[in-house]
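J.: According to TrEMBL, the feature transmembrane segment maps to 157-180, 186-206, 308-328, 348-368, 389-406, 426-448, 469-494, 514-533.
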């Protein structure tokens, strides 16, 4: 093909081309070809040229990605992309040249002050989010009178709508803010987020005069370590008759907090129980170290937190399953047809599905499911906290089974259509992926809201913030477990086969359905473990 202006030559045995100005540009060469440039081809840089320049960048990236080592200076793919790139690179417009130059500039590592600013911002966000999510739920729940049935019902509704509010914020983030970042600039996305947080501060402070505020009584973590240390040191001390326990051992005390104590925000007096009896040594009259002297209330509070830890541990596998929503599920959707009519949905926007499901299910659960359960069971709660958490765990098992079946169908379509090695979308709609999003979103709603209300109601006042924060700790541990599982599975499968299950650039060659079945089995075992502890748990109010 000849550039009629300056004799730029690109000959191909198999090719497709388009005419740009006076130059034919070779887009793809499937056979041998030669390339020579005796001159330059210059054209004014208008909007079409910018589009062509961007196409050249994408074309070269495609060749590098899918042809690897074959993309060499003697390769027909290199010849065709170089021909296209050359004709556009010499267009005398600085904006076009900047676009083309950016395609070849390597990523620059952040060092010095820029790195400090970046990581300081990330850690400040983590610190702020951790503080808000750990403090806001217990603060909001304490605004309701838990001594009356109506107040307890309102508190339960608060946790449901707290999840609804989180989902609404996530909806805005994955739609409006993402669009602004992609089309206007990342700085505007960050600016909007910062401005929203800034506005929320005076809005929150407007209610200061009406808030019911709990008086701080010290760090619950300090109390836990103090009780544990005191019980260990006192156990090592020689037992003497003078080392009697402060109070008698009550085998079945009432843990129901008196209404006057609740109203005043004080911890009611308790008696030591035989449950976790080794901790009772922390309340001895003559401890090994006077600074480790613990009260009965402190000992019983630590016992309560330890009792809920098995329930907390049972939710980590669920959050490991939730981690797939932002990892493999997005990659699956990227290989499928993401069109809805004339609208093409970016795969990165798929988290909108669980967010929408949670926003719909939260009011439905609060206004339809709970009232029906209360009338059916003739109880105040209708559905207990542990039943709600268990429902979420069952839904997570179903979600992983559905995810495995959808992956089997996706790979079957790829094999039947002969597009296993193709980079194009498969002839199957991405809405199949929405099924696992539906189950996992529902599981998240049931379990997260149930956990927060369970931890809040089952722990004493001094431990409520710590216990509620366990919900978010479970989420973080689940995501870490997901990464660890992927590494473990790849190491094991790579030992017994030529290729690990989840390795390489072609998702169609993954054994992703096997990983999903593994998560399904682990979730089933985890549910049995949960049943073991949940059936043996006794609520504080009973």
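Numbers here mean position along the shown chain, with the first residue as 1.
Even glycines carry a Cβ here, placed using N, Cα and C.
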J.: Can you find at least 3 Cβ pairs under 8 Å between the transmembrane segment (514-533) and the transmembrane segment (389-406), where each pair is 6 or more residues apart in sequence?
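T.: Yes, the transmembrane segment (514-533) contacts the transmembrane segment (389-406).
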J.: Taking residues 6+ outside the transmembrane segment (389-406), which of them lie with a CB under 8 Å of any CB in it?
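T.: Contacts of the transmembrane segment (389-406) (Cβ under 8 Å, skipping residues fewer than 6 from its ends): 311, 314-315, 317-318, 321-322, 324, 329, 332, 383, 432-433, 435-436, 439-440, 442-448, 450-451, 454, 513, 516-517, 519-520, 523-524, 526-527, 530-531, 534.
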J.: Which range wins on Cβ pairs under 8 Å with the transmembrane segment (469-494): 157-180, 308-328, 426-448?
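T.: Looking at each of 157-180, 308-328, 426-448 in turn, the most contacts to the transmembrane segment (469-494) are made by 308-328.
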J.: Using a cut-off of under 8 Å between C-beta atoms, tell me which stretch among 157-180, 348-368, 426-448 contacts the transmembrane segment (308-328) the most.
T.: 426-448
J.: Going along the chain, which residues at least six beyond the ends of the transmembrane segment (157-180) come within the CB cut-off of under 8 Å?
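T.: Beyond its ends, the transmembrane segment (157-180) has Cβ neighbours at 136-137, 140-141, 143-144, 188-189, 192-193, 348-349, 351-352, 355-356, 358-359, 362-363, 365-366, 445, 448-449, 452-453, 456.
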J.: Within the same chain, where does the transmembrane segment (348-368) have neighbours whose Cβ lies under 8 angstroms from its own Cβ atoms, ignoring anything closer than 6 residues to its ends? I mean 6 or more beyond.
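T.: For the transmembrane segment (348-368), the sequence-distant neighbours (Cβ-Cβ under 8 Å, at least 6 residues beyond its ends) are 156-157, 160-161, 163-164, 167-168, 170-171, 174-175, 178, 325-326, 329-330, 333, 430, 433-434, 437-438, 440-442, 444-446, 449.
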